[in-house]
Each structure stands twice: as structure tokens, then as C-alpha cells.
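Asks: Before I ask anything, let me first share the structure, which is written out below as C-alpha cells.
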Ligand SMILES: Cc1ncc(COP(=O)(O)O)c(C=O)c1O
């Protein structure tokens with residue numbers, strides 16, 4: 001099955017996955033999302049587009065990414081573990097898959113300017129990279145809090161020629177960066193594409209972002225069959241907005257015996273209220289253009305998410321995940337900051353791979369799931385990104401600068 | 001009195017209607033009641049009572065800051081109905097302008113019921129398009145409320161026609177592509193958009209986004225049925241009730257100094 005082949009899991013023509021998704025945006029943006037949907041419908045069946053996308057994934061992003069067994073980490077999980085190495089992609093995370101796809105769509109639409117939001121900075125860096133490659137102007141909105149905890153990525157984006165605008169409103173994190181990007185888009189939509197970085201937002205974003213990331217699951221399925229001779233018992237991924245998770249899930253969605261497990265940021269713990277576990281404890285609502293689970297108070301005001309990981313610090317989630325949760329095809333739970341940081345240190349020490357803190361949530365999820373599967377069990381964990389960008393956080397968390405040891 | 005009467009009255013006086021916006025709870029719940037009453041006494045034919053929201057993607061810095069201030073002072077959705085009731089009790093006419101999520105959370109039918117009970121006449125929904133509005137269509141019918149959807153310069157003819165059919169009371173034409181905030185000149189896209197709308201509907205058309213002075217109001221009154229002013233009232237409210245009254249009076253003069261459209 002090809003990456004762009006329509007599936008029985010596609011949304012309806014107006015972007016609904018069951019009761020979720022759709023378009024809750026100002027009328028001023030409808031023409032733009034209609035244009036994007038029409039362009040994507042043409043592109044996904046245009047061999048020229050598909051081949052150019054595949055060529056960039058291979059020759060620029062470095063795909064296929066490896067599937068690496070992690071035996072020493074697995075001793076701690078009590079079950080066999082393989083890692084899908086999205087951290088080895090150019091720019092250091094899965095984000096590049098979606099970015100290359102949307103940047104090519106931008107060129108097809110004849111638009112010259114790209115805007116993006118970013119949390120951890122990985123999506124911003126990937127977008128700035130694709131824009132440098134394809135000759136597009138690039139503006140990245142980033143919450144002021146995130147520009148501080150991900151300073152290295154701010155520098156990378158600027159080096160790549162992007163303008164980085166710190167967002168000072170609201171919680172000054174990812175959700176506010178998206179608000180600001182939407183305001184820019186509604187003002188400049190004639191010549192600007194909003195290159196949304198996760199599988200959320202109004203239709204067609206959840207569909208096309210998912211499709212651009214389906215390559216992760218398609219590769220992983222082939223690789224695990226080759227290396228382990230069977231399908232895994234579960235596929236585990238972290239969930240911020242849900243793009244890396246939906247990408248790997250789709251490779252296995254029709255394999256009924258493969259559990260699809262999403263791991264959310266539990267922050268200081270679900271009881272503390274300081275977390276970003278949208279699917280685990282959120283309620284239905286509309287945020288950033290789609291119906292989905294959201295974190296909100298009883299008045300429908302969106303509440304702030306909290307996570308040590310900037311890329312998961314988001315009170316919403318892509319609508320397809322809400323659907324997969326409701327129909328019981330995927331399951332979601334949260335791990336705390338502390339559990340994620342423990343997994344971060346463990347993988348570094350046991351396997352020589354420093355994961356992103358986002359991805360460390362998936363690893364912590366694997367450590368929780370493993371014992372119930374036992375030594376004959378088999379897990380594929382999506383290692384969505386590498387941890388270089390997180391060194392400042394790690395230095396502070398573990399006191400590494402003062403001779404501390406993780 | 002219904003929204004249709006508001007526009008009929010203005011039309012009978014050969015002028016456009018003046019519509020002023022202020023968020024409930026800004027600068028405080030009681031302050032917003034006072035200012036909204038002043039807006040009506042000084043010449044607003046209709047007020048839009050805003051519901052402060054945590055993520056106002058259609059709003060520029062002025063209204064964002066006002067919403068943030070209201071929320072951090074503890075504004076609750078139930079205060080909205082209280083503010084609407086105070087306008088209605090004083091003989092004024094009010095609609096609510098709100099992002100969709102708080103309505104969803106409250107329950108669409110319950111929200112419509114409580115708004116109607118407070119004396120509100122309808123609702124403006126900046127991030128709800130008719131395509132997604134089945135629940136609101138039903139609730140507004142059930143509780144006798146008018147529905148104002150928005151059209152934009154980027155709307156296709158087909159969407160303008162569809163949006164006009166779904167609306168009642170008046171249609172909101174956004175003068176420019178952009179977010180709320182006072183601007184110096186009336187965008188050239190505004191008269192064009194209104195002319196396109198008129199080809200599809202006879203429902204009154206209000207024009208908003210960026211209006212702040214009597215002169216601009218006069219210009220818009222030359223081609224639209226209603227002149228909508230938001231950020232400028234928020235800025236005036238920050239200065240005090242005198243500024244709110246002065247602005248309303250200036251705008252009211254503006255809508256009377258141009259021959260009414262149509
Ligand atoms: C490495 C990495 N993984 C995961 C995420 C979370 O995003 P998503 O849930 O869309 O995959 C991010 C976001 O910045 C990221 O940088």
C-alpha cells in the first residue's frame with residue numbers, strides 16, 4: 001500500500017473522523033483550506049508530486065530511517081524493544097516528513113511565503129530547512145517560554161534564514177504560537193501557506209499531515225517483519241498534537257492484533273493539574289480549527305498545558321486520535337516528567353542514543369507496558385527525535401554541570 | 001424588538017445602524033454594564049457583548065488584552081448573561097459575539113435558552129461557519145434568536161449565498177482580511193464585498209474590522225446597513241466612560257452624515 005493511498009480510515013469530505021475534526025475557523029480562512037484540500041487531492045495522485053516527495057525523503061531527509069533493536073534498554077522493560085529511528089532524519093526528528101510534503105504543496109499553489117508555529121523548535125527547524133532548500137520565505141512563531149528552553153533551535157532557525165517571532169501572549173507556549181500563526185495567516189493568506197506542524201487544525205491538515213508521516217509506519221512494518229519475523233504486540237509513540245503517533249499507527253492500523261499506544265505528557269502528575277494529557281483527561285471541544293478532546297475548564301476556557309517537553313506542551317490533540325480513542329482502536333495514557341527523564345537517561349546510558357524528551361515519553365511508556373508482555377513480547381517504539389536540543393534542560397534537571405550524573 | 005426592527009428603524013431614518021462591541025467583564029463586570037449602557041445612550045442602535053475567551057484567534061492585541069484582563073479578574077460565562085440582561089433592562093438591544101468553544105462547553109441549546117431569557121437577540125459566531133452549525137441552527141430556531149455569520153473578501157460567491165441563507169438579522173462583512181483592531185483607512189475591499197453580498201441577499205449587512213472614527217463610519221454608512229466598531233470602544237473604555245460616550249456620539253454623527261445604502 002502506498003503512502004497516499006486512500007484508506008477506510010480517511011475523514012469524510014468535510015474532514016470529520018466520526019464526530020471529530022471538521023473546520024472551526026473564521027470564514028476568511030475557508031477559501032485557503034479549500035484550496036489546500038483541492039491541491040492535496042490532485043497532488044496525492046500525481047506521480048510527479050509523489051516521486052519528488054519520495055526523492056526528497058530519500059536524498060535529503062535520509063530515509064528510510066533505521067529500525068534498531070535496543071537489547072540493554074529492553075532488559076529494563078522486560079520485553080523485546082525495537083526503536084524506529086526518526087531521530088536519524090535530517091534536522092533530527094520526524095517533523096521533516098510533513099514539512100517536505102507541505103513545502104512542495106506550497107510551491108504547487110504558487111505561494112512564496114511560509115509561516116509555522118513551533119514548540120520544541122523541531123518543526124520550526126524542519127520548516128526553515130525546507131524553505132531554505134526550496135527558496136521560500138519563512139516566518140516561525142514560537143512561544144517566548146519555548147524560545148528560552150530551546151535556544152539552540154532558535155539559533156538554528158535564524159541561521160537557516162528564517163525569522164523567529166517570540167509570542168508573548170497567553171501561556172507563551174505552543175498553543176499561543178498557533179494562535180499567532182493563525183492571525184498572520186488570516187491577514188496574509190493570499191501569498192502565504194500555514195505549514196502546520198502536527199496532525200491537528202482544520203481539515204485537510206489532519207489528513208495530509210498524517211499521510212506525509214505514514215511513511216514511518218509503512219517502513220516500520222516492513223522492517224519489523226524482516227528483523228523479528230512477526231508483527232509487534234504494540235506500537236508506542238508520544239502524543240503532543242499527534243503527528244508522529246498517527247504516522248506510525250497507520251502502518252499497523254489494519255493489523256487488529258497490534259495494540260496502538262499513545263503516551264501523553266503527565267507533567268507533574270495528573271492529580272497536580274500540571275500536565276498535557278489531553279486524551280487521558282480532556283473533554284470534547286473546538287480548538288485551533290477542529291473538534292477534538294481539549295483541556296478546558298468548566299466555562300470552555302482552554303487551560304494551560306504543562307510538560308518538561310516543549311513539543312508535548314499542548315492542551316489539544318489531532319482529531320483522528322480522539323476518534324481512535326473513542327472506537328477503542330488506540331489506547332492512551334500519561335507518564336510524568338520524572339518518568340520521561342528517567343527513560344531519557346536510561347536509553348542514553350544503555351544504548352548510546354540520546355532521545356528527545358518528547359520521545360522519552362514513549363520510552364517511559366514502553367517501560368510501563370513491557371512487564372505485562374513478558375520476555376516473548378515485542379514492542380516498536382517511535383523514537384521521534386534526538387535529544388541534542390534538550391541538553392540545557394538535561395543539564396539543569398540532572399545537575400550535569402556540577403558533576404552530577406543522570 | 002428584533003434585529004430586523006433595528007435595521008428597519010435606521011433605514012427609515014435614511015441612515016446606517018451603529019453597532020458597538022465591548023467584552024463583558026471589561027474593565028470589570030459592572031464597568032462593562034456601565035459602558036454598554038453609555039454606548040446605547042450615546043447613539044449605538046445595537047451592542048455586541050463579547051464573551052472573553054482564552055484563545056481569540058480573530059482578535060488583534062487590543063481585544064486580546066481586554067479578554068485576558070477580564071479572565072484574570074475571574075470573569076465567568078454566567079456573568080455574560082447578567083451583562084446582557086442589564087442592557088436589555090435598560091431598554092437596549094444586545095447580541096452576543098463569541099468564539100464557539102465556550103458555547104459548546106455550556107451546551108448549545110442551554111446557551112441559546114439562557115441568552116434568550118436574558119433578553120439577548122442573537123449571536124455572532126466568528127469561528128463557526130454554517131457548515132458546522134447544525135446544533136446552533138436548531139437551538140436558535142427553538143429559542144427565537146438571530147444568527148449572524150461572517151463573510152470575508154476571500155469568500156466565494158457560492159459561500160456568500162450559503163452564508164446569507166443561514167443568517168438572520170444581519171450578516172457581518174469583514175472589511176479586510178485580518179484580525180480586529182483599529183485602522184486608519186477603510187479598506188477598498190469593503191465596498192466590493194458588500195456589493196457582492198447584495199447580489200445574493202436582501203438581509204442587512206454590517207461592516208466591521210478597523211473602524212474607529214466618525215469619518216470612517218460615514219464612509220461605510222454610504223454602502224452598508226450597519227457600522228460595527230470594536231477595538232476603538234475597548235480602547236475608549238480603558239480611558240473611561242467619558243471617552244466611551246464621546247466615541248459613540250462621534251460615530252453616531254458619522255452614520256447620520258451619509259445617505260443610507262440602497
Ligand atoms: C521529537 C518530537 N517528537 C514529538 C513531538 C510532538 O509532536 P507530535 O505529537 O505531532 O508528533 C515533537 C514536537 O515538537 C518533537 O519535536
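In case you wondered, yes, glycine gets a Cβ from its N, Cα and C as well.
TrEMBL: automatically predicted annotations, no manual curation.
Pulled from TrEMBL, these are the listed features:
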ACT_SITE  B:48  active site, proton acceptor
ACT_SITE  B:59  active site, proton acceptor
Asks: Whole-number answer please: how many Å between the C-alpha atoms of residue B:59 (active site, proton acceptor) and residue B:48 (active site, proton acceptor)?
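Replies: Cα of residue B:59 (active site, proton acceptor) to Cα of residue B:48 (active site, proton acceptor) measures 15 Å after rounding.
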Asks: Count the Cβ atoms, other than its own, that fall within 10 Å of the Cβ of residue B:59 (active site, proton acceptor), considering every protein chain shown.
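Replies: There are 25 such Cβ atoms around residue B:59 (active site, proton acceptor).
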Asks: Other than its own, how many Cβ atoms are within 10 Å of the Cβ belonging to residue B:48 (active site, proton acceptor)?
Replies: 27
Asks: Quick one: what's DSSP say for residue B:48 (active site, proton acceptor), helix, strand or coil?
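Replies: DSSP call for residue B:48 (active site, proton acceptor): strand.
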